[in-house]
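Peer 1: The structure follows.
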Amino acid sequence: MLRLLVVASLVLYGHSTQDFPETNARVVGGTEAQRNSWPSQISLQYRSGSSWAHTCGGTLIRQNWVMTAAHCVDRELTFRVVVGEHNLNQNDGTEQYVGVQKIVVHPYWNTDDVAAGYDIALLRLAQSVTLNSYVQLGVLPRAGTILANNSPCYITGWGLTRTNGQLAQTLQQAYLPTVDYAICSSSSYWGSTVKNSMVCAGGDGVRSGCQGDSGGPLHCLVNGQYAVHGVTSFVSRLGCNVTRKPTVFTRVSAYISWINNVIASN
């Protein structure tokens, strides 16, 4: 049996010698992203007393809609979204803060079984944000698009910089080439834990997602343009950067119809 770690920074898990998925990811082995280089990246924050704390990433897909992971928002908390963010610990002068008016979690999401898939949610914002050089909409792939093995992608986020480490202050990025489904679902990788509605990337034992990266984007270069092909979902509970345990993402192209339907009906 495998054990997974979802990558939202709120949830603390014990460790085991068995390898399960964990849904708390941050960028391990990455570097600080150049300011404004990923303007669709958002910080999802929750109210903690009189302050706010980063818990997950996400992608701005409309001026009043954000895409993130279901496991980031399936708790009774008060959330807000910060766009134009770079340094979580200081005012960059480019941020816009907006409340979350409605949360739409995929109806098939099961909190107790991240490996079943459907780890995706949409957040309707209380008001539209203003687009500028610091805040842009993420490009989504065409429905059904499957990336070839070793496609060039970057994960971005403020997650832990190492297993059991601390959240990054500034937005990080790491190069994570894709691992196709045939390889990622083989017994020496994730086996049957991975479904074809997911994308695997990384697995070199150096670079990965980690706690705090959950819900954030996997940006992949296709035909000269970066598009958001993944929503960060889970890593191995044995550690964020375990060899042959690539970071696993919800495959956005499997949910394009659902995304469009939710936005149109809300």
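Just so you know, glycine gets a Cβ as well, placed from its N, Cα and C.
What Swiss-Prot records for H71, D119, S214 is active site, charge relay system. What Swiss-Prot records for E85, N87, Q90, E95 is Ca(2+) binding site, and it gives experimental evidence as the kind of evidence. The disulfide bond annotation in Swiss-Prot covers C56-C72, C153-C220, C184-C200, C210-C240 and is backed by experimental evidence. Annotation source Swiss-Prot lists domain 'Peptidase S1' at 27-264, citing sequence analysis. According to Swiss-Prot, the signal peptide annotation covers 1-16, on the basis of experimental evidence.
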Peer 1: In which DSSP state, out of helix, strand and coil, do we find C153 (disulfide bond)?
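Peer 2: In the DSSP reduction, C153 (disulfide bond) maps to strand.
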Peer 1: According to DSSP, folded down to helix, strand and coil, what is C72 (disulfide bond)?
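Peer 2: Once the DSSP labels are grouped into three classes, C72 (disulfide bond) ends up as helix.
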Peer 1: Cα-Cα separation of N87 (Ca(2+) binding site) and C240 (disulfide bond), in Å?
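Peer 2: It is 22 Å, counting Cα to Cα.
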Peer 1: Determine, for the Ca(2+) site, the additional residues of the same chain whose CB lies within 8 Å of the mean position of the CB atoms of E85, N87, Q90, E95; present them in sequence order.
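Peer 2: Everything else in range on the chain: V82, G84, H86, L88, N89, N91, D92, T94.
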Peer 1: Considering the binding-site residues E85, Q90, which residue's Cβ sits among the greatest number of other Cβ atoms within 10 Å?
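Peer 2: Selected residue: E85.
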Peer 1: Do any of E85, E95, C153, C184, C200, C240 (recorded positions) have a CA within 10 A of H71 (active site, charge relay system), and if so which?
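Peer 2: The recorded positions passing the 10 Å Cα test: none.
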Peer 1: Using DSSP and three states only, what is C56 (disulfide bond)?
Peer 2: strand
Peer 1: Which whole-number value in Å describes the distance between the Cα atoms of C184 (disulfide bond) and C240 (disulfide bond)?
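Peer 2: The separation of the Cα atoms works out to 16 Å.
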